[in-house]
Amino acid sequence: MHRYRSHTCAALRKSDVGETVRLSGWVHRVRDHGGVLFIDLRDHYGITQVVADPDSPAFKVAETVRGEWVIRIDGLVKARSEDTINKGMATGEIELYAQEIEVLGVAKELPLPVFGEPEYPEDVRLKYRFLDLRRETLHRNIVKRTQIISSMRKGMGDLGFAEYTTPILTASSPEGARDFLVPSRIHEGQFFALPQAPQQYKQLLMVAGFDRYFQIAPCFRDEDPRADRLPGEFYQLDVEMSFVTQEDVWTTMEPMMTAVFEQFAEGKPVTKQWPRIPYDESIRKYGSDKPDLRNPIVMEAVTEHFDGSGFKVFANMIASNPKVQVWAIPAKTGGSRAFCDRMNAWAQSQGQPGLGYIFWKEEEGKVAGSGPLAKNIGEERTEALRQQLGLEAGDACFFVAGDPAKFYKFAGEARTRAADELNLIDRDRFEMCWIVDFPFFEYNEEEKKIDFAHNPFSMPQGGMEALEGQDPLSIKAFQYDAVCNGFEIASGSIRNQSPELMVKAFEKVGLSQSDVEERFGGLYRAFQYGAPPHGGCAFGIDRVVMLLVGAKNLREITLFPMNQQAQDLLMNAPSPATPTQLRELALRVVPSKKD
């Protein structure tokens with residue numbers, strides 16, 4: 001028999017009754033029932049109930065063991081009586097009668113419980129992550145993460161993609177966040193950067209003639225954490241293809257990712273045909289470029305119903321500024337003054353003046369609008385609004401007015417709030433879509449200049465003609481995001497593989513040809529030696545896993561995450577370098593000036 005085990009703690013069944021076996025694992029629980037000890041023995045695979053009665057030679061050792069001790073048990077498999085069968089356990093029809101117990105490792109008093117799922121302070125959980133990872137839900141999440149990544153790898157292989165590994169030590173590049181810098185010992189005063197993404201390398205692979213690339217790529221960005229983004233590092237399914245249009249990228253990746261979701265969705269419906277929604281349409285209908293399509297509320301422009309109306313607040317805004325629009329946020333079943341007042345109070349808590357609203361009820365056999373707005377604009381306009389929005393008695397509608405560029409985010413939040421309050425969102429499904437036709441440029445209010453809206457390596461729609469002849473802010477990019485349930489799960493584009501177009505695009509944001517050659521020299525040179533049309537995308541593995549396991553934040557699907565202050569409490573990182581290390585790198589720590 002093997003030194004430590006003949007079976008795992010999930011393997012034994014009724015067919016094994018009568019066998020002498022050996023198990024090893026952690027003591028999950030110890031219970032004393034009238035002098036008979038019951039030990040739940042746990043390993044990575046499951047739990048087996050072990051019985052040690054006073055007549056057993058293993059009883060003396062069994063009396064000493066405590067929770068989370070590691071032990072080896074030899075014993076006889078017996079069938080449980082009918083009234084003690086546990087149908088909730090894979091091994092619930094049998095129990096192991098202990099004949100010998102060997103203690104392999106003792107455990108100190110635990111700083112956090114492993115049994116059950118109680119809430120516990122995050123700093124304790126992260127400092128003792130090796131214990132936290134023993135908890136059932138977190139352990140299961142990590143296993144599922146591995147399975148999801150394996151499924152992605154298989155799917156990409158089945159599509160004819162090959163996995164290539166790109167460098168971790170590379171040059172700094174403007175991907176939209178701060179770089180993690182690594183000082184060079186050999187080249188004093190010079191630094192590598194950890195890659196924010198393998199963007200340039202995967203494009204260089206296409207120039208080198210590798211047709212279909214993918215990689216489970218670690219990415220590093222020195223940015224502030226939030227629920228759907230961890231500090232430090234994250235992982236993405238990075239993809240690139242040669243000789244493709246954006247439609248080719250969508251039709252390749254969409255079925256593969258749909259299959260991954262269906263495999264792990266536990267029966268929840270998954271969108272099979274992902275709609276393509278232009279960016280401008282997504283902003284207008286949903287107030288977001290990451291719309292949650294489980295929410296049935298679709299916003300509409302209703303400016304004409306308030307133009308010249310008796311509601312002077314909106315009417316005067318429309319008359320004084322051609323950019324002003326009025327958007328409607330219809331809320332079916334929300335037709336009560338109490339609900340409308342709650343929504344208005346919420347808007348004020350968000351720093352807004354409030355939300356105009358109308359709610360409809362049945363009066364004398366017909367549907368009539370109620371509320372201050374309805375009185376101000378009159379019965380005819382109120383009825384026209386109801387007809388346009390398809391509302392009935394018992395429904396409501398909220399209104400936001402101004403420059404959409406300034407209010408669309410709030411309107412989107414109001415749409416979400418209304419749906420949450422009215423319980424309109426079906427949370428047991430995965431709704432996917434592609435957001436397409438992103439702006440190529442945007443105006444940077446802080447720096448008062450034109451900047452790239454997203455990926456600077458995207459191909460502008462219209463090519464050189466658009467760059468030379470159009471208002472930069474009107475140019476669209478061959479760029480797209482994949483969205484699931486309100487989360488961006490992928491971003492990609494068709495790349496700009498022309499050196500002339502590349503220089504012209506960067507000129508628009510204030511960078512010269514020499515700047516381009518200095519910052520993106522490898523890519524710029526490569527494009528001068530026959531670059532194929534190419535494009536791709538990257539799916540955020542962490543967010544995909546978070547959605548599939550139903551976790552509330554990324555720490556629940558990550559092995560060893562940092563805390564909100566970007567610290568690894570388990571490994572005590574970051575930590576000071578030694579004087580010798582600093583000297584070898586020709587570095588000196590200069591304390592920052594405190595205000």
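Using the three backbone atoms N, Cα and C, a Cβ is placed for every residue, glycine included.
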Per Swiss-Prot, member of GLU266, GLU488, GLU500, GLU584 binding ATP alongside ARG221, ASP222, GLU223, GLY540, ILE541, ASP542, ARG543: GLU488
Residues flagged as region 'Aspartate' in Swiss-Prot, choosing from 55-58, 139-142, 199-202, 231-234: 199-202
Sparsest-packed of the listed recorded positions (HIS33, ARG221, HIS454, ARG495, ARG543) - C-beta count within 10 angstroms: HIS33
For GLU488 (ATP binding site), the one of ARG221, HIS454, ARG495 that lies nearest, given that the binding-site residues are compared by Cα: HIS454
Largest inter-residue Cα distance among ARG221, ASP222, GLU223, GLU488, GLY540, ILE541, ASP542, ARG543 [record-listed ATP binders, Å]: 19
Spatially closest candidate among HIS33, HIS454, ARG495, the listed recorded positions, to ASP222 (ATP binding site) (Cα to Cα): HIS454
Cα-nearest neighbour of GLY540 (ATP binding site) within the listed recorded positions, HIS33, ARG221, HIS454, ARG495: ARG221
Assigned conformation of GLU223 (ATP binding site) - DSSP reduced to three states: coil
Tally of residues which DSSP labels helix, strand or coil - the region 'Aspartate' (199-202): 4 helix, 0 strand, 0 coil
Closest of HIS33, HIS454, ARG495 to GLU223 (ATP binding site), Cα positions, recorded positions only: HIS454
